[in-house]
Amino acid sequence: MLRTHSLGELNASLIGQTVTVTGWVARRRDHGGVAFVDLRDASGFAQVVVRDEADFDPLRNEWVLQVTGTVERRPEGNENPNLPSGEIELIAETVTVLNTAAALPFQVDEHVEVGEEARLRHRYLDLRRPQPSRIMRLRSEVNRTARELLHGEGFVEVETPTLTRSTPEGARDFLVPARLAPGSWYALPQSPQLFKQLLQVGGIEKYYQIARCYRDEDFRADRQPEFTQLDIEASFVEQDDVIALGEKIVKALWALVGVDVPTPIRRMTYAEAMEKYGSDKPDLRFGLELTDLTEYFKDTPFRVFQNEYVGAVVMPGGASQARRTLDAWQEWAKQRGAKGLAYVLIQEDGELTGPVSKNISEEEKAGLAAAVGANPGDCVFFAAGKPKESRALLGAARVEIGRRCGLFTDAGDGVAAKDADWAFVWVVDAPMFEPAADAVASGDVAVGAGAWTAVHHAFTSPKPEFADTFDADPGSALAYAYDIVCNGNEIGGGSIRIHRRDVQERVFEVMGLSPEEANEKFGFLLEGFKYGAPPHGGIAFGWDRVVALLAGTDSIREVIAFPKTGGGFDPLTGAPAPITAQQRKEAGVDAQPEPKQAEAEPEA
């Protein structure tokens, strides 16, 4: 071994002992013939005293050293209570340089602000900094905790293929050419969905996996083309069983950061979430529910409010906002595809001012504050139009109001997780289908060519009361699905699955997949359902998002060892990169698949 102790192990119990340690030079300070070196390794820091000028003179930051010396107590008054090794120092007897370091592109110091591009380009240096290092270790603990819990529940960890066939699942596939089958392609899995269902057909009964998933999506903020999920599936379960297991996992994970999550966690229907919060992932750390004013303004003279839906959200104290701030709200709304954000200001004397107040009737003005629950000094924002789009705008405004008014406290930026606000909710009874045009408009890929596509995925079972009617009335059918939301972030989603071939074929038909197309894409699943598939269901947690919340960081890039940028580019390796003409030829990128040979007739 190159060392006898890690730096984090050095403490007063070792005073008088000779030890050998290794690490990087974090900082050096010269004091007239003696140098103090702050040495860093993965476990922490320790102060090394080097008295030989020949040893300390050449040392520079991030050089890699091996130091042998004696542990001594620091002189009185020089202790550092912020370090586990703060009572002692290591008096160096020998200093060996294991490697030198070139001039650094940025300082390996958590107190120095560094641009994300530089940090990702030199991620190996960034990971030496305390916070990224802590996050990697937290992620390891999260993995270990989940594995131990699921093992205790009788689950089996099974690895599913990462080279499979392309199956439409709601996003675009990453495709891999098959060199030995020119013109044919593998796809990287968007999720282990089909394989974990087939494991239930295979009698595994309780499966889990910390799975890598791949989706070739359009550039979106804080999305990664490859991501991780904790994937779980079990046979002979109902919704309550999966939810109970999910709550055990959440409780165990948040306990790692000192947060006790009360269970059972509240449940809310999708319809209630959209009506009250304008989102299927509501942030319940604060109130400010939306108010439906459609009936209130049914006879309004204001043409803008003569619409299918009119709603409002209150900003406490918002009447004191400057005009430029109110104008900025309009730009904020336009960035979200709206024409603007109508408002009224309720003055301290109760008078209504602002653009909307000039266009509504005196009777409407008189009762408005009471209708929306506003007080003098508040601002009321409105949206009118299609219910889905209008509620979404108000829901986003609600969260922005909560942030600007300080109605909740996030972890991070000096706030420990145990001191932050946390609110969890299960959102249940979501629609089974949505118009395919809506899915495409939001950046997803419709699975079939029909007018409808699945909200969750094509393998989600309808709720029992819709089992016989979902194909006749797709817009009314509810899914046997459940999503868990934390502080406005969806951290997991699951459903009871379809386990009967006839039901699965009916779902494919609603989505516009012909029997031939369904058999071509999903024939292996439909075939499996012929042989006694058990009732089953599961859940998948977005592992990167879970770790980001626990770590108190806004970006999932911070919790991935080597992340891509928002555009899918890797500054470290330069991926994606062109391939050579030879590679292109060998991979068969431009090859056409050979026609399938007709199967030979069986002999009589």
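Counting starts with 1 at the first residue shown.
Every residue, even glycine, has its Cβ placed from backbone N, Cα and C.
According to Swiss-Prot, the site 'Important for tRNA non-discrimination' annotation covers H31 (among others), on the basis of sequence analysis. In the three-state DSSP scheme, H31 (site 'Important for tRNA non-discrimination') is classed as coil. Long-range neighbours of H31 (site 'Important for tRNA non-discrimination') (same chain, six or more residues apart, CB within less than 8 Å of its CB): none.
Over all protein chains present, the Cβ of G77 (site 'Important for tRNA non-discrimination') has 5 other Cβ atoms lying within 10 Å. The site 'Important for tRNA non-discrimination' annotation in Swiss-Prot covers G77 (among others).
Feature annotation from Swiss-Prot assigns L-aspartate binding site to E169, R215, H456, R497; the stated evidence is sequence analysis. Within the same chain, residues at least six positions away from R215 (L-aspartate binding site) with a Cβ under 8 Å of its Cβ are A171, R172, F174, Q190, P225, F227. A coil conformation is recorded for R215 (L-aspartate binding site) in the three-state DSSP classification, outside any helix or strand.
Taken through DSSP, the region 'Aspartate' (193-196) splits into 4 helix, 0 strand, 0 coil. Swiss-Prot lists 193-196 with the feature region 'Aspartate'.
The feature ATP binding site is assigned by Swiss-Prot to R215, D216, E217, Q224, E490, G542, W543, D544, R545. Within the same chain, residues at least 6 positions away in sequence whose Cβ sits under 8 Å from that of E490 (ATP binding site) are D280, K281, D483, I484, G542, R545.
Summarising the annotation, Swiss-Prot assigns region 'Disordered' to 571-604.
When secondary structure is read from DSSP and collapsed to three states, E490 (ATP binding site) falls in the strand class. Neighbour counts were taken as the number of other C-beta atoms within 10 angstroms of each residue's C-beta; across the binding-site residues E169, E217, the minimum falls on E217. Around W543 (ATP binding site), the same-chain residues at least 6 positions away in sequence with a Cβ under 8 Å from its Cβ are V142, I210, F227, T228, Q229, L230. Around the Cβ of R497 (L-aspartate binding site), the same chain contributes Q197, F459, T460, S461, H536, G537, G538, each under 8 angstroms and 6 or more positions distant in sequence. Regional average pLDDT for the region 'Aspartate' (193-196) in the model is 97.
Cα distances from E217 (ATP binding site) to the recorded positions G77, E169, H456 are smallest for E169.
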